[in-house]
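Colleague: I grabbed these lines from TrEMBL:
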type	residues	note
DOMAIN	19-48	domain 'RanBP2-type'
REGION	42-64	region 'Disordered'
ZN_FING	191-218	zinc finger
COMPBIAS	366-379	compositional bias 'Basic and acidic residues'
REGION	366-404	region 'Disordered'
COMPBIAS	380-389	compositional bias 'Gly residues'
């Protein structure tokens with residue numbers, strides 16, 4: 001049985017996701033998810049948990065001194081070791097998997113691949129950008145009969161208006177960052193802000209090094225100065241997502257997660273092979289933080305560490321293929337309704353708020369005892385690491401009995 005997230009664990013600034021493989025019903029041998037209190041098939045109650053299994057969280061995540069810190073310049077999360085004073089841009093593996101949902105700020109995928117994008121960007125700037133096409137396609141054209149409308153059947157003439165074929169044809173071009181990326185006039189200009197070339201990411205820019213837009217994937221420095229009202233291509237973002245979840249996205253959401261549809265799970269040997277292929281090909285355009293593959297529905301959710309990376313990957317992989325004949329449907333993802341994801345988002349945003357205050361010089365006492373576990377106190381209040389949250393103070397001592 002594949003692992004499923006069951007909760008968020010860890011001290012403040014070091015949260016991680018706990019996964020469980022579920023439990024097997026002793027009566028009918030049916031495999032149930034970890035959160036089910038009874039068997040889905042025979043309704044038998046879940047057997048009592050052994051004392052040794054209660055400490056499963058501590059087994060999955062060992063003790064460490066790494067904590068999240070917010071960089072005031074780039075407004076991104078990096079990691080600091082409280083004992084050795086070592087810093088790391090990549091999430092240390094000792095911290096365990098990144099949170100199942102990371103809220104507004106990305107945390108990284110827990111590998112050493114995050115810093116390689118900055119290194120690769122330096123090598124791209126050493127060469128001029130390549131022309132992906134020999135000519136610029138005409139922007140003004142008219143197809144004969146394209147505007148003819150049949151009032152009897154209520155349809156336009158021709159297959160170009162067919163909703164069945166809309167967006168299902170394979171893209172004619174594809175951006176290969178290793179060979180196409182390079183220096184352009186945007187990199188040579190000083191003091192003038194530029195955006196990234198949307199024709200480049202779609203694999204059909206005919207200007208090459210003479211283009212006035214960037215021909216490379218965004219880096220942490222680019223994301224740090226990105227505008228909240230525009231995407232990395234200069235298009236205006238809006239308050240709400242479009243109905244079809246396309247376009248430039250919403251500035252009221254992190255916009256770091258992509259929905260990937262029309263996968264061909266039947267063409268891959270195992271789900272892990274498909275998941276690795278999705279992570280590798282989408283990771284060409286930015287650091288991928290998490291991939292949630294739902295093989296039963298032939299879909300996946302790809303979460304990037306940076307918003308600009310998600311914007312870049314969305315345009316680059318739209319109507320592309322993973323190599324098995326599929327034509328990918330890529331758009332923005334809705335918020336995850338999973339309670340585990342919602343709890344992880346609340347915890348991640350709370351940790352980011354603590355890191356932001358500390359970055360501004362505000363001293364905050366981080367309570368490490370209890371590993372950030374949530375538990376109920378005697379008065380019913382929620383405790384995290386020994387501190388009550390949302391509990392009303394007792395003010396009875398401020399009044400005399402006769403005055404009440």
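Note that Cβ sites are derived from N, Cα and C of the backbone, with glycine treated the same way.
No curator has checked TrEMBL annotations; they are predicted automatically.
For the listed features, I'd like the structural context: burial, neighbours, distances.
Modeller: Within the same chain, residues 117, 121, 124-125, 128-137, 171-177, 180-185, 225-226, 230, 232-235, 284-286, 306, 308-309, 312, 315-316, 318 sit at least 6 positions outside the zinc finger (191-218) and bring their C-beta atoms closer than 8 Å to a C-beta of that stretch.
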Colleague: Please list the DSSP helix, strand and coil residue counts for the zinc finger (191-218).
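Modeller: Reading the DSSP string over the zinc finger (191-218) gives 7 helix, 3 strand, 18 coil.
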Colleague: What is the number of residues in the domain 'RanBP2-type' (19-48) that are helix, strand and coil, as DSSP sees it?
Modeller: 0 helix, 8 strand, 22 coil
